[in-house]
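Now, the feature entries from Swiss-Prot:
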BINDING   20-27, 84-88, 138-141  GTP binding site
DOMAIN    11-285  domain 'tr-type G'
Amino acid sequence: MIIMAREFELKDYRNIGIMAHIDAGKTTTTERILFHTGKIHKIGETHEGASQMDWMPQEQERGITITSAATTAFWKGKRINIIDTPGHVDFTVEVERSLRVLDGAVAVLDAQSGVEPQTETVWRQATNYKVPRIVFVNKMDKAGANFDEAVKSVRTRLGGNAVPIQWNIGAESEFQGFIDLVNMEAWIFDGKAEENGQKIAIPTNLVKIAKEKRQELIDAVANYEEDIMMLALEGQDVDNETLKKAIRKATLTSEFFPAVCGSAFKNKGVKAMIDAVIDYLPSPLDVPAIEAHQGENIITVKPSDDGDFSALAFKVMTDPYVGTLTFFRVYSGILNKGSYVINSTKEKKERIGRILQMHANSRTEIEEVRTGDIAAAVGLKDTTTGDTLIGEKAKMFILEKMIFPEPVISQALEPATKAATEKLSLGLQKLSGEDPTFKTYTNEETGQTIIAGMGELHLDIIVDRLRREFGVEVNVGAPQVSYRETITATAEIEGKHIKQSGGKGQYGHVWIKFEPNHDKGFEFVDKIVGGKIPKEYIKHVQKGLEEKMEIGILAGYPLIDVKATLFDGSYHDVDSSELAYKIAASKALTDGKSKLGATLLEPIMNVDVVIPEDYFGDIMGDLSRRRGQIKETKTRSDGASTIKANVPLSEMFGYATDLRSMTAGRGNYQMIFNHYEKAPKNISDEIIKKRNFN
């Protein structure tokens, strides 16, 4: 095994994500970072479909990011591993799994809009993972751009303590550059790609506000740095280096967010933003050691090359040339190509064929990876998103798993020709392996293939990829809502499966107490005493319930949030069997549906609508007609109206077209799953009747 010297010290690594609402200029920002760091030598524009990071045909046509593209750049002696994530709400899973393996992030805001609906979602995800962030207020040259208001929106809408470390010089078409509040110097830019800014004295008309803003910055970081607090109390000035160190310390708490400004498209302020990434975002050594489960114990994994190898697989992708690519983040140790690893999640041994350093969809083969690296492996057959990989000789442990939302929308698919059936099956298998929020199954009653995902665009992209990548033409049914079932009452139910007609019969008999188990999923409790049901049959009672819950008891939808306590029953020495107890348990659930108050649940979506003020009344009325509950309305600084509402998914099909026609093409909206709620009786009755489920 060849062990090479480490090229970059771990303290010089920055593993970061670029995250934002759709159209905030996130991918353009990433392109500029790659250009300035010498990773690419020509800039490709997203709106022209030429972006380096948006490499999928669907991304280039639609001008949006769908998958998380990974790349590595170098800046001032630091190695920056960058993941550019999607801004569209249907692809939130890509953001979720990227943030899980990153140490820091740049949140890109549109200077005119400030915080937008999807900004809230990705910000919340980053907060869950305690990811330190920098705020980059982009598009400062846009009409209506306002740096101060955009930063304030982080505080008011996200509760994030965002504080400017720069102040803008001009805005909209007059945007020229910024004042560096740490070093108290001004930079202006000519808009050329190289972004060689000119350092100038702070313009006289901005000296007063620059001093005020620097003092606000000092006051804000004083809460995190005692030395600065003492200097502030004594009325002394704070030197630049001390202030810089304090900003870094504050940022690493994930409670303080330095804000910078610029225009990525117009080549203004991006280099200073990369400097801020280096200066203020953490290395793998600055973040708390990751926790892992070792049996019943929680252990911490120290970020060091000297420890056993450990990594988390955070993305699986099908590549037409090399097969399955598994993206992983190394948390400890060293791994050479050709080595064996243990997938500790599945307890399987796997061989790493090749290790690739990725740049969007191009790649460079490398010999090894070390702590802090993000790379892709070729050759892993059983590893899926969220699995832990450890060295062959390491003591078994599992890094904390990722939890993904269940799909809320489904469609039936049929291959256009019989010849395409096998290709369809292969394509769906590969695509569901890549995306944990995409599910596919066969409807037992109709024999149709069903695909399920997070939204209409999500399923559109899946169908498009089947056509392009797997050569499968399909006929697509109308989108369907993924309802759920649950129980609302507690009852003790008997389940019997007894058949005795000569020869060996069947005998299973159970008494189960069923209770609602709100938001806790399925819970099975064994309270059998005195051997009334032999131990070996208990797990088959549980299995019978689980299998029945998958297909439901009302209308064929999964049954959720049930606690089942097996407390009595009986058995027969000869006729009892595993199957008999599975059937008896299943019957208990089916027979008890009336006593248990079985009911249908419908998915409720968070809907955020942005419209010109003139259309406010019409849109409010339309949302109410769709059974929407209005949660909040606001008028933005640019005069647009925003409406937040909770609306059943079943009422939102075709909304994009309806909104366009109601607002003459000037309205837009975002929608994301929020929760399941009891469906109104008339709707529930109609669905149950239509499904004719026995």
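Backbone N, Cα and C atoms are what each Cβ position is placed from, and that goes for glycine too.
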- Message: Counting across all protein chains present, how many other Cβ atoms fall within 10 Å of the Cβ of Ala20 (GTP binding site)?
- Response: 29
- Query: Taking the Cβ of Met140 (GTP binding site) as reference, which residues of that chain separated by at least 6 in sequence fall under 8 Å from it?
  - Reply: Ala111, Phe147, Asn168, Ala171, Glu172, Phe175, Cys261, Gly262, Ser263, Lys268, Gly269
- Note on the structure: In three-state DSSP terms, Ala20 (GTP binding site) is classed as strand
- Fewest neighbouring Cβ atoms within 10 Å: which of the binding-site residues Asp23, Lys26? Asp23
